[in-house]
Every structure is written in C-alpha cells, then in structure tokens.
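K.L.:
When I checked Swiss-Prot for this same protein, it listed these features:
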- 50-64: compositional bias 'Pro residues' (COMPBIAS)
- 131-142: compositional bias 'Basic and acidic residues' (COMPBIAS)
- 219-239: transmembrane segment (TRANSMEM)
- 352-372: transmembrane segment (TRANSMEM)
- 382-402: transmembrane segment (TRANSMEM)
- 404-424: transmembrane segment (TRANSMEM)
- S409: active site, nucleophile (ACT_SITE)
- 445-465: transmembrane segment (TRANSMEM)
- H460: active site (ACT_SITE)
- 567-587: transmembrane segment (TRANSMEM)
Amino acid sequence: MVWTSAVVMASPHGSASRAGSNRRTDGLSVNLGQDNTLKHDTPTETAPSASPPRVAPAPIPPKGGPAATPGKDGALDNRGSHDSVPPVAVAIPGREEVNATASQKSVVAGANSQPTPGTQSSKAPASDVDGSSKHGSPEHPDAGSPEVNAEGVPVEEALQAIGDDDPLIHNLPDGVVGRRAPANPFNSSMYAKLRGKKKKHRPKVRDPKLNNNPLRGRLVVCISTTALLCWIYMWELIYNFTSFNGRCVSPVMYPDYKLQEAKQRQPYVIRYGYGGCEYNLGSLAYPRASFGTSAGDKGWPVDLVPNGSAGSAATSWDSPNARVLRHLGGLETNYIREYSETFRLFTSMYMHGGWLHILINLSCQIQILWIIEPDWGFLRTTLLFFLGGISGNLLSAVADPCSITVGSSGSMYALLGALIPYCVEYWKSIPRPGCILVFMIVVIIGILTGMAGFTDNYAHMGGALGGILWGFASITTVSACDKCTLGERMAMTPPFSWCVPKATQQKLLERAKARKAEAIRRRKLQAIQKKKAGGARGKAMYAVKMRLQEEGRPPCKMSFREWVIRGLCAAALFAYWLILFLYLLDPSLYKSYSPPGQLKFSGWLYCKCGTIVYQAPQTYGNLGRFWCFGSEKDAQYYLEP
C-alpha cells in the first residue's frame, strides 16, 4: 500500500512517531474537494514568510548507520545524529516515491512538527519509504543533493510554486463549475422527497453576471436551430392550407374538357381569390385544413380529370399532406438526379412530417446541444449539425431512392454520435456518465424501433456515423481517457450506486482521487517547462497560446496521437461523402447497382429503379428518364414496354 504522504521522524529512545495518521504535515498532501482541485495542507507551525532562507541539505549518513524500522502505520523510523536536518520522503498515490530534500516548506514542516507523546523530535536523515538506501538507489544516484530542473531550481520547489489554478494546469474559472450533463430524474428534488431524503445542493459560482462561467450563454446553435425548425414547420402548415393540400397553387381555371365549343374549353386566369382552384377542385376543394385527417383528400374530381383519383393522399392526425413535402424541398432522389435539385439534401433536414416528429427531434436535440455546445463552441457545433444532417441524407438518398424523406433526425443522431468523442475529450469532468450511457442506449433503441415503423433508418445511421467522424476529426485531445475512471464514476452515479455498497464506493472514490492527484502532478511537471519562456517574445507567445485555449477545455497536447486520430477520421469522413456523392450523381454508377431499400422487421421494402419505356399520355416528359419506384405495380407499369 502506498500512503498519501509521510514525514519521517525518529526518536533517540527508539519509538517511532506516527506519520500520516492524522493531519499530514508535508506540503504535497492532496485533498480533492467538491471543486476537484488539488489543495495543499500546510502546517500551522510553518512561518508565513513567502520566501524564507533555504535550509542546506542534510549530510549522507554512514553506511554503518542504524537500519530503518517500520512504525505503527507503516512509516519508517530512522535514528541518526541530532545535528542533521531530516529530508522529507513524499509519496503521491499511484506513483513512485519522490525525494524532496531541498524544498523549504517540507523542511520547515519536518523541523517544526511536534512529536507525539512519549517521543522526541529527531533530526536524523530519513530513508526512502520503501526502505532502500538513498545513496545507492539506481533511480536517485545522488540523493544527498536535491533534484533540480534546467534552471537549477529544485523540482519539488518548482512544483509548489505552480498553483493549482494556474492556466497551465487548467483554465477553468474560480468556483465550483461542473460540466453540463443530461437531466437525471434520480437526482431531482421531487424524487428525493419520495425517498425521504434531501437533495444535496451544490455551491454556486460567485459570478452573478456569468462573465467567467464557460458553461453559460453559449447556446446560439441550440436556440437558432430550434427556432428555425419551428418556423419552417409553421410554414409547412400554412402552405398546406393555402394550397388546398398541395393540389392547387395556380390562379388558372381549366374548364370542363367535355364542353362542345373549343372557346369554352380555353383556360382563364382568375386574378383575384381562389376562384381557379375552387373550380378545378370542385366539391373536393373543401374542407381545408393545415394538418390532421381533414388534410387528406381524394385527389382531383373525376368529372374534370379522368384519372384524378390516382392522386389521392391520406394523412395522419398530426401531419400535413405529403404533397407539400415534395413541393417545399423534401429529400427525393429522383428529383435530385433528373432535375439537378441537389439542394434537397440540405432543405429536407429542416422539414418535419408532423407534430410528434418535430417534438421528439427537438427534445433530444435541445438536450444534447445543451451539453455539447458550451464546450465545442459555435463553429464546431454548427458544422456538426450541418455535416451530420448531410451525411444522413446522403446515405438515405443512395440506399433508399424510392421514398421521400424529411426531418432533422440525421442531425439529431449526429449529435448523439458526437457524444462519443465528447466523452473521450471531457471524460474527467462529466458530472453524470451514467446518463451519457443511457443516451447511447437510446440510439440503439431508436434504430431498432425505427425498423418497425415508417422511419428512415439510413438517415439515422448515416447521421450518427457523420457525427462520430466529425467529432474525432475536430477533437482537441484524447488524453482525458488515459487512466479514465469509468468504473469508479459509474458506480457512484444513481441508479448504479444503489447496487454498490458504501464501503466499495469509498474505495473507488479513493482510487479515482489518486489518479487525479497523479494527473495534476504530471501536468505540473509539464508546466515547469512551459514557464521557461521569458522576455517580450516569450510573453507574446504565452499570450497567444492562452487565447487559443477555449475556456473549459482540457489542455490540448497537440501530440502525434491526436493528429493521427484527426487525420484518419477526417479522411474517413471525406471518403464517405465522396463515395455517396458519386453513387448519387454519376449515372454510370447509380444505374449499375440495385438499391436495397429500407430494412424492416418484416424484410426489405420494395424498391426498383430503371428507365421509363412505357409510352402513354401519363408519361409525358418522363419517357426515357431513370426513375425509382417504391410500388411494384408502378414499376411494372412504367419500366416494362
């Protein structure tokens, strides 16, 4: 077992003083509070002077000196001369022991520490905690002299000079600032009342104007996309009402084709009102509705249009008529290929097919953007939403060209997929990782339930893949997952914590704290090298680096590992887009393969593509075009001569 710290003192009478049993007396004791920052426990006896004179290192004891004996708590006891000053052996959890003999704080702490009853303070040099001799240690060949850095300053003194709030260590603002996490109903005050407990209130940041809080006021993408999606859906409903379910937008009146005189059969422009539409639709013009079952119709009157009933369309209780989706830019592969309407890849991701559709997408989208956007920023989140939606629509257009698709589900699943690189990037500071796991389960359930209904699974899978690739292509660091405490944090998050005993949770918490302390110390050692920059040029470079660091983001190592991950994921995303665009727009490619269609629990849905060869009045303007049909009857009618 490795102790947090140990100050070793010896008694000439042979009784060892306790080290590390009560309050630690060294300057590197670690205590992680609610703010997850490293705190120093300094003894009350230490002089408050900022820079007291240094104490010379103790002489090396002779080889024939007395051997070290363990104390009651495992600390080692040395006996030696009263004229020497004891160096301090410091042990950080999860790391090998480091000798700090020249640090002023540690020396004064060891010199001024009061001995326990029945013992006297010893000034003999202490040996390492593992009992090995300092003089012959292969790791410390010359332990009599302190370990120094390139500037000649002892390493332990340099470590203590760097505060835990130094921007080189982290750039979070002062106070308890936690990362946003999915809403956990098990942590709500209402659920706490049901269980007969009080909800623990976390201390808030003393920043009433929220100037320094990196997790507030950065929801531009969340607010703007939500408002845009709602506005476009309102426009769909208005257009469905004013266009008579998408059947009439022209003011031209077409008289009955059975009239005797040719002049009476001539069309006329009705300049005011809906006279032209009312005449063309006859009794089928009413009732008018923006959505619901009343928005369905039987097509056009058969007394004016012989095959008018072929254009009938039914609607559900929360949806507008499907005709308006095609008019307003829904995703339909046939129009992209034959009429060069590639804009449908973009416009369809902002349209929705019903109230339930948009409410589900917005509820999930707002929750994830509330988590991701404050850390990823405006540009990175905007590109995530856009690239994810296009990625989903590309896969849908190529794999299922026989149906029309609308909705921001591709972008929403891109946000869900982006939670994976987000967790890798910020794992150490995510408040409730268990809820993130629940979100991942929602993705799987959503895809599986989509196989039973009229949902576009290709848009969901393509969006999730695009979100994962873009997240890793733009990731700042992957070092947060080094020695990540996944099991420990999951075990202490409800509802998983209900199944773990309190004693086990405490052990897991201590293990996580040990890893945290080691990580902070390692980053401090790296910060020593960064602080060497001096002069005007060095200060300017330091200022630029600080401006490039976004608040709330962990230190970006910019190492070879990060660049490899970014490059591979960016190349994969580019190849994904390139292949799908070629199969969507290149006739030599999309005419040579058969699309699979949607996969459901009942099997693959019918989808067949080919060139229209049937000559009839109904095929005017379509003869010779390459078209995809979702109906076997229509495919046989138009694709066979």
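The first residue you see is number 1, and the count goes up from there.
Even glycines carry a Cβ here, placed using N, Cα and C.
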K.L.:
Going through 352-372, 445-465, 567-587 one by one, which has the most CB pairs that fall under 8 Å from the transmembrane segment (382-402)?
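P.N.:
Selected stretch: 445-465, with the most Cβ pairs under 8 Å.
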K.L.:
For the active-site residues listed here, S409, H460, which shows the highest count of neighbouring CB atoms within 10 A?
P.N.:
S409
K.L.:
Hey, how far is the residue listed as 'active site' from S409 (active site, nucleophile), Cα to Cα, in Å?
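P.N.:
Cα-Cα, rounded: 6 Å.
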